[in-house]
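What follows is a single structure, written as structure tokens, with notes after it.
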């Protein structure tokens, strides 16, 4: 018997999927592409919140066109940005840009902002979780070797806490899962607001 999903995840991130599965949730992935260009003078917290909300809206618009769409299921979307000196660091376009980002983060504390949005047809809830992440000083050799692994190229800020990039982090204040892309505590609170019982969900998945 096929287990029915309990929510739609509007993201292709394997890390977000894994974190939701660790909460015992059966998830169906549905991604919707949007324009992720920041607006002029847009503050980072406003940007990540807008991105999460627009991803959610775009996913709902497309899902509603599908015959097997279950409108009673919540849609969850998220967006993560690395911010240093007030500058939003997206995914690097090339190796040189990745190196520039890592040099900027080296030996300093930066912010990782993750916005989460959960919606039903008649309601929408969102929040932004902020963590402070401190990097140890990086040598040029470490930067070059890390870039050669390929890991920085699809990560905001050119590093991933769950991979080799984790060895650069000397301290985190906030949510380690938020730095990965989905703050578990805050996400659970949003899901409760739309009626998702996580302990009940976990029991169903273990049956």
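Backbone N, Cα and C define each Cβ position, glycine as well.
Lifted from TrEMBL, the feature list:
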type     : residues : note
SITE     : 15       : site 'Important for substrate specificity'
ACT_SITE : 79       : active site, proton acceptor
SITE     : 80       : site 'Important for substrate specificity'
SITE     : 162      : site 'Important for substrate specificity'
Candidate with the highest Cβ count within 10 Å, taken from the recorded sites 80, 162: 80
Sparsest-packed of the listed recorded positions (15, 79) - C-beta count within 10 angstroms: 15
Distance [Cα-Cα, Å, rounded] between residue 162 (site 'Important for substrate specificity') and residue 80 (site 'Important for substrate specificity'): 14
Rounded distance in angstrom between the Cα atoms of residue 80 (site 'Important for substrate specificity') and residue 15 (site 'Important for substrate specificity'): 12
